[in-house]
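This report refers to the structure that appears directly beneath it.
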């Protein structure tokens, strides 16, 4: 990616460009405005399959030749897409089997989005063909800077092709039917399989479905999509292997395990659309940025899509007030994005997204939005020195797709309304508000375990394999602090309850056993009393904890579990474990998390700075870049620094304190030597 950064001169800035939707007379106006706004990169051809191959085997590359040449002439680099997210209608008419069948048995039908079965051999054949043609023609075009494989992979299909692919996947995973039957506990309800051909993908459950089968189907679907990506990636690499290749991931996307995908990407790229109608959407965005930075071990990532203002997919699509787009863009850069890209360059006149905002909206270059875009482009050029730098953290939050699927995609739990991401955010928010740097880690294998961290936060690790559980135990044994929430360690990676009672993998770790899980009734609440006399309310869930080596930090003060532990501390090896056995009110959970962090010796560099000011740092061996972003539209803030520096946005020296107005921002460069 260094060559790409050098090519664009620092941070990539631009958006999805769809010239096939416009007459050629518009193209020259587009590139003129791109230069005016400071655009240096566009994603091109994402949905252009029908324009490139209007009939089977008939290719019309002339228009794309002209656009590539025009962009190169004006110094704009191209992230060239394979258009395989949008199969043309002729393909679905020739081969209707490429349509995904939905879980209810109904075909998807043309005119929808993502209308392909990723397991379809026919779809893969035609996708490979158009990808090959593009790579043959453009691999050495001087405008080409990156390959953008397909777009937002996501379809789930229930076709026969999917069933056949599922069976192949299961054979690779289990080897033989005896192993599969054991893993799936098929003797329950007499579901034993005696032939591989008996296994089909799970459709809509009419009663209840085998949870292990459903879990493996989620894993298979993620891997089937990944196979599509790898096939196209390998084609373009076969023509030229020095051009970076990526696809665009999505925020909190449940249907693809990005830990498995990220090693196959030259750069992790994210599409994210924080909702301006939600007051805390920037906090969720921050977690996603930390996650996507962490997917490739802290390497800079790419903000590939966002909105300049309103979107069009929600019931109420609120505009971004002046300054919000700038602030959100700088937020991504502050958390190690090396790009600020948008969907899309010019607002489309028709189609579903005709009211989706764009860099050039329907009101044209005289609009507020375009003026803000041009202003952002000027500022991003000033931030060129931050490109290639990254962030470091002493705190890690565990985020695991297997665990997410186990909680939300399978049946038969003590309650069925878990929100995995909601629990993750409840634990992340106090860290964000106190300006702690946070990485995100997987439960799976890693050669370094969790080396380098002092605190590991483990929200709702309901489903965890033996290796993942041992990594957490080893982290604590070696002196780390673990903060863990209820309903963790319960089942293995086959969704089977672990032997020897709850909490299965973590009984010795938390120093307590759990007799029963007690989901709370609607509107039922309980009082929790801490050992220092503080009281808090809990709801939704309680563990019936029986202490062994652990000690109570808080107990239930009422209800049938009165006197039982609600928060437990345990010394495990050289480390400390804090286990929260109920859904505490947010302020009480904040206090538990922050006390554990402080006790572990982790201090925020920005202690005392109000929560509405986001403080984050990225850097290298020579400089650090302190980003200060005021998310309040009403309040200012005065932020002290550890020493003098220079605000890159204004070029002015900063003696040791930054004054921020509402929605204000500063990026302070400080030498480290």
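Cβ coordinates are placed from backbone N, Cα and C, and glycine is handled just like the others.
The model shown is predicted, which means the values in this text are computed figures rather than measured ones.
Positions annotated as active site, proton donor by TrEMBL: 152. The active site, nucleophile annotation in TrEMBL covers 305. The feature substrate binding site is assigned by TrEMBL to 113, 151. Taken from TrEMBL, the feature domain 'Beta-galactosidase trimerisation' applies to 393-602.
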PLDDT averaged over every residue in the domain 'Beta-galactosidase trimerisation' (393-602): 97
Neighbouring C-beta atoms (10 Å sphere around the C-beta of residue 113 (substrate binding site)): 13
Whole-number Å value for how far the residue listed as 'active site, nucleophile' lies from the residue listed as 'active site, proton donor' (Cα to Cα): 11
Other C-beta atoms that fall within 10 angstroms of the C-beta of residue 152 (active site, proton donor): 18
Intrachain C-beta neighbours of residue 305 (active site, nucleophile), sequence separation six or more, cut-off 8 angstroms: 15, 16, 248, 270, 271, 272, 273, 341, 342, 343
Cβ atoms near residue 151 (substrate binding site) (within 10 Å, other residues, all chains): 23
